[in-house]
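Annotated features in Swiss-Prot:
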TRANSMEM  21-36  transmembrane segment
TRANSMEM  101-115  transmembrane segment
TRANSMEM  140-156  transmembrane segment
TRANSMEM  203-218  transmembrane segment
TRANSMEM  237-252  transmembrane segment
TRANSMEM  457-472  transmembrane segment
Amino acid sequence: MGLPWYRVHTVVLNDPGRLLSVHIMHTALVSGWAGSMALYELAVFDPSDPVLDPMWRQGMFVIPFMTRLGITNSWGGWSITGGTITNPGIWSYEGVAGAHIVFSGLCFLAAIWHWVYWDLEIFCDERTGKPSLDLPKIFGIHLFLSGVACFGFGAFHVTGLYGPGIWVSDPYGLTGKVQSVNPAWGAEGFDPFVPGGIASHHIAAGTLGILAGLFHLSVRPPQRLYKGLRMGNIETVLSSSIAAVFFAAFVVAGTMWYGSATTPIELFGPTRYQWDQGYFQQEIYRRVGTGLAENLSLSEAWSKIPDKLAFYDYIGNNPAKGGLFRAGSMDNGDGIAVGWLGHPIFRDKDGHELFVRRMPTFFETFPVVLVDGDGIVRADVPFRRAESKYSVEQVGVTVEFYGGELNGVSYGDPATVKKYARRAQLGEIFELDRATLKSDGVFRSSPRGWFTFGHASFALLFFFGHIWHGARTLFRDVFAGIDPDLDAQVEFGAFQKLGDPTTRRQVV
């Protein structure tokens, strides 16, 4: 046929059998990729330290999605929450991956069958004898079936009625586990951080989909609407489908980047806003304050802070710190976290407690400034030593660690104090192993960042695709030069200007 690459899909324009075939093949490719990617990630994933080397630090992309739907065990004998297991069951990570690959193979065979046997009776309009599809009826069928699936997921899988439930955690990502969730039918169900809203919204949306599907199966569209929206044209289906996909992509890009109950920080890493707002830092200080109120010493209070909470309060886990085009996992950037060194508290020679001003998200370098409790600058690492008034040496700054590996250790040497002040700019201080993976020290983004960037980018492209195909189907007559109200049978070549009966060619 000699079609250019951007026109090749016209081969399935009036061929319902092969249109079905290529969509089944597309499903085979998607499912096959998902299963294969899962097996690859399982081959490289190290489950030994779920606290300091979780899946999102290792750059896992499909494992978090399986986990949030209730998969936690591996045939390798490990659990995502730590420890070993003896009976993971069929629905382990490997089991889900295998199911996707088997399904992909079956879809592959089905696609070949439908490509070969394309001329089926079901696709033939008995009145005209030509291939055609009853698109409004197909829309009703698909709406009904997707409604059933949506309702079933919310009513059975999420609630644990027939299924594992979903991943649920506390606001600070410390106690996450898979559990059943009761639907939230009140105003709290609209809070994006309330897991109960996932169940209730799927039940409600599924019910609406079932009713809407039955409506479209039993009621035919009015003729004017049918013609006005070009409901008989397959390109209308393409345009509206693209609209549904790009809208969904924009929504999930938002829920991923800003955080929600569907994107737990234990599986996808913290959000950039938790660093910007000092979210974990405030919780850490609150816990320390509670410990001091219970007559614990400063050292004991800081020692009770979980490593997991301290690790979230580290700028290297901020997804906005990694460049969009820096390939690799977070571990390939600043290294594999080995242990928390403890919380450094700086004091000047007069005993004032000093706080290092933290680096904002979009800075690569930032001046080292130490302020007191009132926000007044008391010390810094000067840019020009000749003009310095607040240098560590002049102010006599010392540092002492509380909690962590260096608990109780103090340093007065200016070089060491400045080293830890620089590191305190980045949040809590961790020992990082950069040798194992030959990490280059340049921050990487987490799967949260990749997912958001990918879905926002493709949503924008698909938005333009929706406009393009919507315009093509709505203004098809204008582009083709044929008047839609022309009753006469137009014979191509009969007129000098297509569809204009005043320009009929003379028969010689």
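Each residue, glycine too, has its Cβ placed from N, Cα and C.
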Stretch winning on C-beta pairs under 8 A with the transmembrane segment (21-36) (pool: 101-115, 140-156, 203-218, 237-252) is 101-115
Which residues, given as numbers and ranges, are at least 6 beyond the ends of the transmembrane segment (140-156) yet have a Cβ under 8 Å from it?
162-163, 183, 198-218
Who are the long-range neighbours of the transmembrane segment (101-115) in its own chain, taking Cβ under 8 Å and residues 6 or more past its ends?
17-18, 20-22, 24-25, 27-29, 31-32, 35-36, 39
